[in-house]
Amino acid sequence: MARTKQTARKSTGGKAPRKQLASKAARKAAPATGGVKKPHRYRPPTVALREIRRYQKSTELLIRKLPFQRLVREIAQDFKTDLRFQSSAIGALQEAVEAYLVSLFEDTNLCAIHGKRVTIQPKDMQLARRLRGERS
């Protein structure tokens, strides 16, 4: 709707405005929400882009070390019991796993963009793995 210019008009001699009672004036002066200011929220794309820049800049491991170590030991139990791991071996495994996952998510994102979407879906990951020759 277009804005229109307001022009001054002469009063037509109506009733004079009545004075409000003190309690009514106090009620109107107080905000209806109780004076609680809502915390500032960024729009979702802003936060996502900030996180992307942050993690692309960083070099630290993204998966916590102890949960990853427990997972490796649990998987290794299926193949041979009483296996021992050097801490450097677990570190090397974690580096390799994270590099693989980052690369896979990059390819998955490209598949989603190719499908004219910005949200990755399981079918994008399946396509990325299939194109890599990892899954027939």
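One-based numbering along the chain as shown.
Each residue, glycine too, has its Cβ placed from N, Cα and C.
As recorded in Swiss-Prot:
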- 1-45: region 'Disordered' (REGION)
- Lys5: N6,N6,N6-trimethyllysine (MOD_RES)
- Lys10: N6-acetyllysine (MOD_RES)
- Ser11: phosphoserine (MOD_RES)
- Lys15: N6,N6-dimethyllysine (MOD_RES)
- 19-32: compositional bias 'Low complexity' (COMPBIAS)
- Lys24: N6-acetyllysine (MOD_RES)
- Lys28: N6-acetyllysine (MOD_RES)
- Lys28: N6,N6,N6-trimethyllysine (MOD_RES)
- Lys28: N6,N6-dimethyllysine (MOD_RES)
- Lys28: N6-methyllysine (MOD_RES)
- Lys37: N6-methyllysine (MOD_RES)
- Lys57: N6-acetyllysine (MOD_RES)
- Lys80: N6,N6,N6-trimethyllysine (MOD_RES)
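Counting every protein chain shown, the number of other Cβ atoms lying within 10 Å of the Cβ of Lys5 (N6,N6,N6-trimethyllysine) is 4. Taking Cβ-Cβ distances under 8 Å and a sequence gap of 6 or more within the same chain, Lys80 (N6,N6,N6-trimethyllysine) has no neighbours at all.
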